[in-house]
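Novice: Copying in the features that Swiss-Prot gives for the protein in this structure:
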- LYS30: N6-acetyllysine (MOD_RES)
- LYS30: SUMO2 cross-link (CROSSLNK)
- LYS52: N6-acetyllysine (MOD_RES)
- TYR151: ADP-ribosyltyrosine (MOD_RES)
- 228-260: region 'Disordered' (REGION)
- SER232: phosphoserine (MOD_RES)
- SER233: phosphoserine (MOD_RES)
- 238-251: compositional bias 'Basic and acidic residues' (COMPBIAS)
- LYS245: N6-acetyllysine (MOD_RES)
- LYS245: SUMO2 cross-link (CROSSLNK)
- TYR252: phosphotyrosine (MOD_RES)
- SER259: phosphoserine (MOD_RES)
Amino acid sequence: KNKRLTKGGKKGAKKKVVDPFSKKDWYDVKAPAMFNIRNIGKTLVTRTQGTKIASDGLKGRVFEVSLADLQNDEVAFRKFKLITEDVQGKNCLTNFHGMDLTRDKMCSMVKKWQTMIEAHVDVKTTDGYLLRLFCVGFTKKRNNQIRKTSYAQHQQVRQIRKKMMEIMTREVQTNDLKEVVNKLIPDSIGKDIEKACQSIYPLHDVFVRKVKMLKKPKFELGKLMELHGEGSSSGKATGDETGAKVERADGYEPPVQESV
């Protein structure tokens, strides 16, 4: 019995305090080329050790970034989720993974004396991504209206919801993911819905409030490189060491931004 006790004691005394951060590396996170600001931030990962490879620990990480940080503008109530799909050198290349409205924006729109209309739809893009889009809109007073409330009849609500679903389906079905994200950035879909429903009942605050990624096609590096504005170099890069190629393309960031 005593033997075991002393053995345990010895083990406790020997333990050295190792700073866990000494085993970790910082990686840069890069957003796709559709956004103005490509450098989102940094992320930590434990260095490659034995069978545990660092890049595997990074793949699948989701970063939630405000649109204001991606586009350098003031409107900050849209949040985009970006997922790491590939690691090249010290860069994590991300792809669109979803969109959301901030809680405070959502709560500020919901008020009394108006009807809230919500719709959702599952659509597949032309390049095989299955998205679920949620839309929200609110009725508003007509210009000459005196009555305090502006409630839509159930029939009108159903018509508006049908229109919402039609427009969302149409806008996504005919485009690939890149185009869809380009539409989500200024939320042109919401504006289209607002215009289309004007004849049924005047709406305001119409937004695609959320986009979920349900299914993705098989991962292709070439497609991801195209998203990151390096489509031309990706063909050549496959033969040589990819790390150096990407580093170079990365050094040329300002001109890339101007073209966007």
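Glycine too: its Cβ is placed from the backbone N, Cα and C atoms.
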Novice: State the Cα to Cα distance, in Å, between LYS30 (N6-acetyllysine) and TYR151 (ADP-ribosyltyrosine), rounded to an integer.
Specialist: 45
Novice: With Cβ-Cβ distance below 8 Å and at least 6 positions apart along the chain, what are the contacts of TYR151 (ADP-ribosyltyrosine)? List them in sequence order.
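Specialist: Expected: TRP113, GLN114, THR115, THR139.
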Novice: Which Cβ among the modified residues (LYS30, LYS52) has the fewest C-beta neighbours inside 10 Å?
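Specialist: Minimum Cβ neighbour count within 10 Å, taken over the modified residues LYS30, LYS52, occurs at LYS52.
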